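Structure first, then comments.
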Amino acid sequence: MTYADKIFKQNIQNILDNGVFSENARPKYKDGQTANSKYVTGSFVTYDLQKGEFPITTLRPIPIKSAIKELMWIYQDQTSELAILEEKYGVKYWGEWGIGDGTIGQRYGATVKKYNIIGKLLDGLAKNPWNRRNIINLWQYEDFEETEGLLPCAFQTMFDVRREQDGQIYLDATLIQRSNDMLVAHHINAMQYVALQMMIAKHFSWKVGKFFYFVNNLHIYDNQFEQANELVKRTASDKEPRLVLNVPDGTNFFDIKPEDFELVDYEPVKPQLKFDLAI
C-alpha cells in the first residue's frame, strides 16, 4: 500500500467515524436536493516527493491528465473561458459551474491574469528564491463582487526553497484549500499543484522537494457513503505511481505542455466508482 493510499483510507475512516454533518449547505445535486456532507476540519499531510511519495491513490482511477490540463488552463492560458478548456484540452466538466456567459466568472485563470500572479511569482523567485513572500492567492474579494461564480477551493499556494547537503536547490510547496470533496477531488487537486510545483522547479532548474497539503473542510457528501465504505475495503495496488515531467531543466514555464507529463506505474484498482456531483 502506498503512502497516499494509507492517508486516503485514514481520512475516509476519520470522516465516517468522527465527522459531523453540515447544515444549510450551499451545493445542490442535479435533482435540486441540498447536498449536505459529513466533514472534519483541519486536515494536513506532508508528501516527500523526493522519496517518491506522490498524492495519488491507487484505490480508484483518477483522471490526472485531465487535472493537469485544467491546471494549465488556469495558470498558462489564464482564462475562465469554458470554450478554451473544452476545445483546446477536451475537458468539459467545468460547464456545470458556468455563469451563462461562456465563463466561470472572474475566477481562477481570470484572477491569475488580472493580477499577473504567475508573472509576479516567477519574477519574485528569480530575484530571491529565499524570500518568504512567494505566494499565489486566488482569494480576491474584488473579483467575487465583480461577477457570480464558484469561489476558489484551492486558493493559496506558498513556495519555499532549501539547499540540501548535495548542493541542490529543492522547491517545496504548500497548498491551502478551503473545501475538498474527499472521494472525488482530493487527489485531483493535490496532483494538480504537484504538477505546478514541478513546472516551476523545471523553470529554474531546481529539484522538487516536499508538498504540504492543508484542507480546512474535508468532506464526504451524504450520497457517497456506500462508495466510501467500498474504498476502505479495497486492496490497494502494489505499484508505487509517480509523476514525471519529461522536459530539460530550464524549460520555460509557459512552454510546458500536458503531454510532457508522464504518470509511471499507475495501475489503479477497478472498477471505477460513480459519483453524483454537488454543484
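Cβ coordinates come from backbone N, Cα and C, glycine included.
Annotated active site, nucleophile per Swiss-Prot: C153, in sequence order, evidence recorded as sequence analysis. The annotation dUMP binding site is assigned in Swiss-Prot to R132, R133, R178, S179, N180, D181, N189, H219, I220, Y221. Sequence annotations record features per position, and here Swiss-Prot assigns (6R)-5,10-methylene-5,6,7,8-tetrahydrofolate binding site to D181, A278 based on sequence analysis.
Residues R132, R133, R178, S179, N180, D181, N189, H219, I220, Y221, recorded as contacting dUMP, have a largest CA-CA distance of 37 Å. Classification of the residue listed as 'active site, nucleophile' by DSSP places it in coil, neither helical nor stranded. Rounded to a whole number, the C-alpha distance linking the residue listed as 'active site, nucleophile' with N189 (dUMP binding site) is 9 angstrom. Reduced to three states, the DSSP call for N180 (dUMP binding site) is strand. Cβ-based crowding with a 10 Å cutoff singles out R178 as the top-ranked of the binding-site residues R132, R178. Annotated pair R178 (dUMP binding site) and A278 ((6R)-5,10-methylene-5,6,7,8-tetrahydrofolate binding site), C-alpha to C-alpha distance, rounded: 16 Å. For D181 ((6R)-5,10-methylene-5,6,7,8-tetrahydrofolate binding site), the nearest neighbour among the binding-site residues R132, N189, I220, judged by Cα separation, is I220. For the recorded positions C153, I220, counting C-beta atoms within 10 A of each C-beta gives the highest total at I220.
Long-range neighbours of N180 (dUMP binding site) (same chain, six or more residues apart, CB within less than 8 Å of its CB): S43, C153, H186, N189, V215, N217, L218, H219. Between the CA atoms of A278 ((6R)-5,10-methylene-5,6,7,8-tetrahydrofolate binding site) and I220 (dUMP binding site) there is a gap of 11 Å, rounded to the nearest whole number.
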